[in-house]
């Protein structure tokens, strides 16, 4: 921030801030540099103010003398933006290494600083588990406009005579001085003190008064000045570093050292307490506390705190993602103009972004370039390559780059038909025709090296790949060498035109017309011409006759005109040309040619047959699938193109993919095909091409998606579960091999033993692993089999090994009474009763319930019976449900019975007739009668309580008293008591109590206590150590203590000795005696303090002593490193 200016009005002088500050302070208004983490940086970049348009360079130096490998330097803008990926013309990086000093020097240069470069920056250096970082700022100022003054203008000449008159006057070069009207005493004003004591609402006024223009910088500097210096920590000897850096997936350790080794710490992450786990590991060694974070993720990038009591230590952890590397480099590509170009690269991270560049210019997605991404693979695609695309292509990731060369060659032009020499007579037509491989190629015609200019007589045409030069009414001057030169190719086609002069003596005569058909060439048989669709047909017919005959071409009844068009007739002397440009299927048919003149008439027929590639095959479908194969079937094309179909080519692809794979390269003649080497469980699509002698058809419509799936293996462990008259229950286990198709269900079939016809038992597949086959003939022996069904079809069947006879098996009824029902079944009133009693027997037995010998009332009790069990259910039990229940299971004359005794119980009523029968001393005798209502069960005891008539508070005196009488003792003399009794059974105590009809009064009597004489015990004893001294090993420099415990009376005198020498009032030792626990504290022992220590206790009755050995050792560097 610029220094404040002096106010013009008051003329006060402003004090500048001191130029030098102590080391632990920073200049107000500037960001403080981040403190060193591990001291790697020996020179750090400093904050600067750059001038817009100028270059600025930052230097950082790293000491690698203690490092095992080369450090890694990163330049960051803000918190996350890595400037290494922005290297180019604007940002330049340089790295050097001095072998003598082992110092790496890193430089970052910003070329032509712009306003966007302003902000906070950070350089970060890491090496294995060490890291260091530094922050700095860049502020950008506009360039000062320098006024270039012409110094010659300052030289003036005296006089008005002109430019050369007078003498030179140098006074113009002198600086002008302002005349001070009155000198005022300058007053030193400290603006910062004024601002610190002012209200925020007055900041703008003060800044204007003292000429401060950078208000934002002023506020920033003022905020820093108001900061209070941090207090020295009482809890921490060593705090957390300001920042830590770790790569993603690695572990990091945060460590603090406490002043109190026994203090408890809390670790917080973004203000939330961290609990110990496999990810967060807490360690405590002496006063050192460590937090280890395993397998760091981006979620661990946060602020961390270590809290000890009221004090905290803060730090910030930066998690860096590993750079994305290139695992498969770009390959050079060589193509021909018009072909498709694909550059492919593979990177290490599936979600990474890449940047494509050509010759230093970044490529964008437009009509020319396309980018494609699939997992870790990336493609750059150029649909139609041109020579402008030749160059070097680069791909960049955050951790690597690759390049590939693209070479594009021009297509070679092929001559399909060259021009031929012509020898013509006068007035004839000359036609030079050639055909090249590229339809887009243009060219020029030359005669004897001079370009031919078109006219009414000379015409040049270009249709498709054919170029023509037509000269009508040939003259002698047309003779010469004719050349066709394609544009852009070093190629030329030449032919010669010869003019033939024939002198004929005119003899007038007449000759009938004659058609001369040439049956060679395009004719496959007599008068039939075959033309490939899309090609041009030109059929020349020689005609003779005198005078020249008239020619007429017809197709059916339609006469073909000689006008310009796709189908036309061209007539010349003695020649009629039938032309079809781009033959179509509709042009096929029989054509008639008729020639007439005064001497006669002639006719001929020509059959034109159009052949083409066939139509696509139809109805492509999958007729069956296997584990890795599929059977495909299709219909032949409706139109074979006029030429028999030779065979078919097949392609397949995965559903959702755009890449088709050829299945055969040789023509396949059949319309069914079995595709193999497929992946089970993947959806595929198929398409078919038809091939004839002309070429290959368009692809057929894709088949419906199908999935190669094999049927499952046969079901396992088919067994008979039950057999009745006309039914048989089967069960089985799923197949061992199921496959990707899963199981849709099972088909069950049966047949009579000895027969071969299997009958399907279920119309639709069943999903369960059991099924009951019904409608079977009684008495027959039947075989069963089960087949698993899925989308691929049926599996091999699982067949029953032996036949099963269909008849009812009589089984004696048997009740299997649960163990808890074999004794009395007891429930409380209001509880739910649910008894499930299984039984067995075939056919299904008849179940009967009785209560106390009478039929059971179904209104009070619910009964549900199945084939294998019966259930007795009571929603809310009542006492009337108690009784003996009889269950009978009967099959014909066979029967089985069981008796159940159900008892519904409740709490008992209160005892009756509670009476105090006798009172003597401090005792009272009570008697009562059992309650009228025992709760439908035996009374198990009584609870007796007493109450003083004064306080009327009840206290329990006896519990679980079995007899209907008791004696209450320890009553207080002078009080009158009343009593109450509760009855108990298995449900608990009665709700009400029986209260005694009378009370028990304890009368006062004259009692005297005989005082026993007091005999004082003799407590004197000689000293005796009850806890001895223990041998100890301590570390030099750390305070230590040894302790023991002694007993004795009178209190013994304690003497401490070292090596049998009494320790006096040495300030190094502190001796304490707390209730017989003796402690000797040794302050920061040295090797000299080791030896044998003795503690002796002495009183009048004797003495005792204990001793121990103290060893003082020095900690080595290796032991410190382990900590």
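Any Cβ shown, glycine's included, is placed from N, Cα and C.
Automatic, uncurated: that is what TrEMBL annotation is.
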Per TrEMBL, the range holding region 'Disordered', considering 1-34, 35-68: 1-34
Integer average pLDDT (0 to 100) for the domain 'Fibronectin type-III' (616-712): 89
Three-state composition of the domain 'Fibronectin type-III' (910-1003), taking helix and strand from DSSP: 0 helix, 52 strand, 42 coil
Interface-richest range of 32-139, 411-483, 616-712, 910-1003 toward the domain 'Ig-like' (813-899), CB pairs under 8 Å: 910-1003
Residue distribution over DSSP helix, strand and coil in the domain 'Fibronectin type-III' (616-712): 0 helix, 42 strand, 55 coil
